[in-house]
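Notes follow the structure.
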Amino acid sequence: MSDTSIRTYSGEQTSTTEREEEQVDTDVCPECGGDVRHDAEHGETVCADCGLVVEEDGIDRGPEWRAFDSAEKDKKSRVGAPTTNMMHDKGLSTNIGWQNKDAYGNSLSSRQRQKMQRLRTWNERFRTRDSKERNLKQALGEIERMSSALGLPKEVRETASVIYRRALNEDLLPGRSIEGVATAAVYAAARQMQTPRSIDEVAVVSRIDEMEFKRTYRYIVRELSLEVAPADPASYVPRFASELDLSEEVERQARDLLTTAQETGVTSGKSPVGLAAAAIYAASLLTNQKVTQSAVSDVTDVSEVTIRNRYQELLEATA
DNA sequence: ATTCGAGTTTCCGCGGG
DNA sequence: CCCGCGTAAACTCGAAT
């Protein structure tokens, strides 16, 4: 195996030991072949593929010094996403001509032709990888923006990054907008992390329209066969309760209503958000801290009608 | 690819504080 | 008038020939 020659693309180190070290250092994830990426934009290390590896491997986010080193690097190399994109492009996108001629126009020997073929292959690999990198960078920015707008915890952002990364690796992006997939990733991640946001809430902070968002979300879930369980209505309760300035008691009451309702099976097939909204309303009545249906409707984005229908059912289930 | 069913929303109308 | 309530028609989404 003396294909040290293919390393000529970078023109630097050619010793075998250097190469091995580089293998480790370029952060190619053994699991999915994707590369691990340190995003220093917000001072945190987002390792998309390592997120997956964590499951089997425990913690493997890479040593501190590497994150730091990368942070330094990033800080230096960019001041905004566009600049980074430019730099990436400028630095790496090179094309190797298809003609098997050397600089003088002479034909190459067959051995050299083979070598050139290898070079083209590798060059192409790096080039496309780089385009994906740029794509990812922008997407991560979007994910970050939406997550913080929605007040989602850090784990959600990481999960969303993992999802996006997977979508990218499986070539799910062509024909779909980065925004759309990023939005879908955030939504899915929020649900997986038990801190769901309703479709409407996510749609508000997204730059794409709701219809495309839903379409993309379904597509992503199907293609990546993501396991995203139906949201637990109770997980909406605390947030809604606090937005309505309701007491702990109401919150607890709402939970009770939901659990008993779930036991009697009346909740199946109903939208979790609607149930949560109804539970809040019903609980507010039971505890004599009434809020109006329209108030609940406002903060939950559930129509008053649905609240009416559900809360009756909830009360029946308790009786 | 169209149609069907369940859930949900929109719209409107009614009565009571 | 606003709040709660009910209804019918329209819409959305996922499933099934």
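Glycine is no exception: its Cβ is also placed from the backbone N, Cα and C atoms.
Record features, source TrEMBL:
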BINDING   A:CYS29, A:CYS32, A:CYS47, A:CYS50  Zn(2+) binding site
COMPBIAS  A:1-11  compositional bias 'Polar residues'
COMPBIAS  A:82-94  compositional bias 'Polar residues'
DOMAIN    A:25-55  domain 'TFIIB-type'
REGION    A:1-28  region 'Disordered'
REGION    A:69-94  region 'Disordered'
REPEAT    A:141-224  repeat '1'
REPEAT    A:235-316  repeat '2'
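Per-class residue totals from DSSP over the repeat '2' (A:235-316), listed helix then strand then coil: 61 helix, 0 strand, 21 coil.
Secondary structure of the repeat '1' (A:141-224) per DSSP (helix as H, G, I; strand as E, B; remaining residues coil): 62 helix, 0 strand, 22 coil.
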